[in-house]
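One structure is given below, encoded as structure tokens.
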Amino acid sequence: MSRMEEVLADVISYSAYFVTLALNSTLIYLTKYCSTRLTIIYRRMIIGFAVFGIGFSTLDIVVRPIMHSYNGCFLYFSLKGSFRSSKAITEMLLAIYSAVYAAILSFLTIQYIYRVCVLRCPQLVQYFRGWRFILWLGYVFMFGLAWGVITYFYAYPDEYARDYVREEMYEQYKVDSDKVALFVLLAYGENNGTKFVRPQSLICIFGQMGIMSLQYMIMMICGILIYKQIKADLKETTMILNSKFQKQIFNALLYQLVAPSLLVHLPAVPLFFAPFFDMKFSFRTRVVVYFFSVYPLLDSLILLTVVSDYRLAVRKIVANKAVQLVAMLNVGTVTPTTATNQTAENRVAENAL
């Protein structure tokens, strides 16, 4: 890895982290104190989603994951993580990083399900209230845990996989594959000159793609139902204001699905399946890692720009701060004059005495 690549990776990762921290913290504050038309349940979801985003971005800084495609395998590893001195800890953090990625996708699915319940099945909203929030949190953690477990146990490299990537790892990164935290999706093995599909790779690829496909299928079905309901409500005059707001929420959810899909999910899918084509190439998938770095800030940026309540709240806060600043500047310019007048009056009084 060249020095320029390292510097660029650092700049993008840390810039994305601080922007994510700022945007998600702003979103949490506005959701808690300034949102007026959002239900308590949906506020909790937005805040939880923002917290997941901060956690994912923090893990990105701590783990510093690297992805690399080489012939019939896909490599996922870390060289510059905060715990690089401990191979075991870094391996665990890499698995957790992948788990949080899946949890965020599952959390977005829950938001779609909730919007459908609000618009089409209000009686089901009760399952999101009170202690029942454990149900949808359980859904999020279940798929996140499943993704992380699949990564840790079925992409963990055996001796054959480490030998397969040893020369490439040293040539590209000057490291020994035995001494770094590494996960390998190696499609084929070889025994006595006969190639065979490695079962652990099949479990890994179809398990993770199955989780992703399920989330997308649910979100697509919910999206269609939400769109039809909003379109029907807009025809009724009494429902126009509420429906316009619901449409903003729907647009935000839609953008939250489309933007990461184009930047993160779709580019990652070919990388997962490429090993099964056993093509002879070596490719540093640094661009995909960059997209993973900016992934958490996209959701907050979309909500802050699409939902009018957030835009109005930001404008109000900025206007209030501007008024306070102007008032402070006015006080600063008026005070010396006032003090001078008071001093002159005191001198006149002393002369009169």
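Quick reminder: no glycine exception, Cβ is built from N, Cα and C everywhere.
Taking TrEMBL as the reference, the stretch among 248-268, 311-331 described by the feature transmembrane segment is residues 248-268.
Beyond its flanks by at least six residues, the transmembrane segment (248-268) meets 42, 105, 108, 111-112, 115, 212, 216, 219, 223, 226-227, 230, 287-288, 291-292, 294-295, 298-299, 302-303, 306-308 of its own chain at Cβ-Cβ distances under 8 Å. Counted over residue pairs 6 or more apart, the CB atoms of the transmembrane segment (288-307) and the transmembrane segment (134-155) come under 8 Å in fewer than three pairs, which marks the two as apart. Counting Cβ pairs under 8 Å to the transmembrane segment (92-114), the stretch among 12-34, 46-67, 134-155, 205-227 with the most such contacts is 134-155. Beyond the transmembrane segment (134-155), the same-chain residues lying 6 or more positions past its ends with a Cβ under 8 Å from any Cβ of the stretch are 76, 91-92, 94-96, 98-103, 105-107, 109-110, 113-114, 127-128, 183-185, 200-201, 203-204, 207-208, 211, 215.
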